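Reading through the structure tokens given below for one structure.
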Protein chains: 2
Amino acid sequence: MSKIDYTRVLPCLVTVANLLFGFLAIIFIIDSQVNLGAGMVLLSVLMDSMDGKIARKLKANSDFGKELDSLSDIVSFGLAPAVMIYVVVYQTHLPFWGLWLSAFFAICGALRLARFNVLNVSDYFIGVPITFAGGFMALLLLFAQTIPWQVFPVMMLLLSVLMISSLQVPKLGK
Amino acid sequence: MSKIDYTRVLPCLVTVANLLFGFLAIIFIIDSQVNLGAGMVLLSVLMDSMDGKIARKLKANSDFGKELDSLSDIVSFGLAPAVMIYVVVYQTHLPFWGLWLSAFFAICGALRLARFNVLNVSDYFIGVPITFAGGFMALLLLFAQTIPWQVFPVMMLLLSVLMISSLQVPKLGK
């Protein structure tokens, strides 16, 4: 057994927190607690913005951390928003097409993450990042009572396509 | 734009089907259709056993396909069984500890997948594969009415620990 390197463990713990909040988001939505569910995804956005910075500061970037980051991202920003918006919006207003739209969003998120890990472009993003797409949909969910429901399928389809597009998106806050 | 290579697309489509069935598993469980939910995870097991074989046969193995495979696996075999068993078993019998046990299962699954992608050992698995752990929990769920509920937390904890263990598991059916 190799000795545990705590500088490597800390950023991974933050990434695990990202995954945990994504899991809890789905559980809260099943329990009809919409705002708490959306809040969990927004907490995941916070974790996702911190783990990379902590890893760079501690010089603890690792392939393991990068893989774990993607696996957490697909749960928190791909699956959780897709399930949440299906349950809160589509189940009532758009049951058939909404189901496939939610599935499409999660699939585009996975394609985006797989491409990101393979391309290894570091100066800009290619396609809208899944963290932005998932975080934005969770934010919209907080206003589900006040905005027309049609906003959800339109924004979801738009963000799905933008995730797998070749659009170059500048990196902010590096 | 580069020309689409269809031999590379086919195995990825099977992997996307794995992700889709994982997403549908969670949706069916929210809709109280337990057997259909468990059946979706078992379909994901089938897809997961096929994509690698098809890729090897077509000589279309790719890093992109490998990344996409892990992202689908965490959804279908980590998150979906964790959410399903929380909803079907723990919500009634073990609400507090069951929640954390389900989260632990999903987290161990992610750690297992991240380690697998980094280690690149090809002769045997290190730790029980997440496909086996998630598939086994889905299979158990089909018998939820006939087996004591205590079997679920015990098996889930055992499989979680076995996933992140250093146990060498032989590869079958290569």
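Backbone N, Cα and C atoms are what each Cβ position is placed from, and that goes for glycine too.
With a cut-off of 8 Å between Cβ atoms, the residues of this chain six or more beyond the transmembrane segment (B:20-47) that come close are 14, 72, 75-77, 79-81, 83-84, 87-88, 131, 134-135, 137-139, 141-142, 144. Residues annotated as transmembrane segment in TrEMBL: B:20-47 (among others).
Among the features that TrEMBL reports, transmembrane segment is placed at B:68-88 (among others). Sequence-distant contacts of the transmembrane segment (B:68-88) (same chain, at least 6 residues past either end, Cβ-Cβ under 8 Å): 12, 15-16, 18-19, 21-23, 25-26, 29-30, 34, 37-38, 40-41, 44-45, 47-48, 51-52, 98-99, 102-103, 105-106, 109-110, 113-114, 116-117, 130-131, 133-135, 137-138, 141, 144, 152, 156.
The transmembrane segment annotation in TrEMBL covers B:94-113 (among others).
Marked as transmembrane segment by TrEMBL: B:125-144 (among others). Through the fold, the transmembrane segment (B:125-144) approaches residues 25, 34-35, 37-39, 41-42, 44-45, 48-49, 73-74, 76-78, 80-81, 84-85, 88-89, 105, 109, 112-113, 115-116, 119, 151-152, 155-156, 159-160, 162-171 of its own chain, all at least 6 residues removed from its boundaries and within a Cβ separation under 8 Å.
Residues or ranges marked as transmembrane segment in TrEMBL: B:150-169 (among others). Same-chain residues lying 6+ beyond the ends of the transmembrane segment (B:150-169) with a Cβ under 8 Å from its Cβ atoms: 85, 89-90, 94, 97-98, 101-102, 104-105, 108-109, 111-112, 115, 124-130, 132-133, 136-137, 140, 144.
Taking Cβ pairs closer than 8 Å, the transmembrane segment (B:94-113) reaches residues 70, 73-74, 77-79, 81-83, 85-86, 127-130, 133-134, 137, 149, 153, 156-157, 159-161, 163-164 in its own chain, all 6 or more past its ends.
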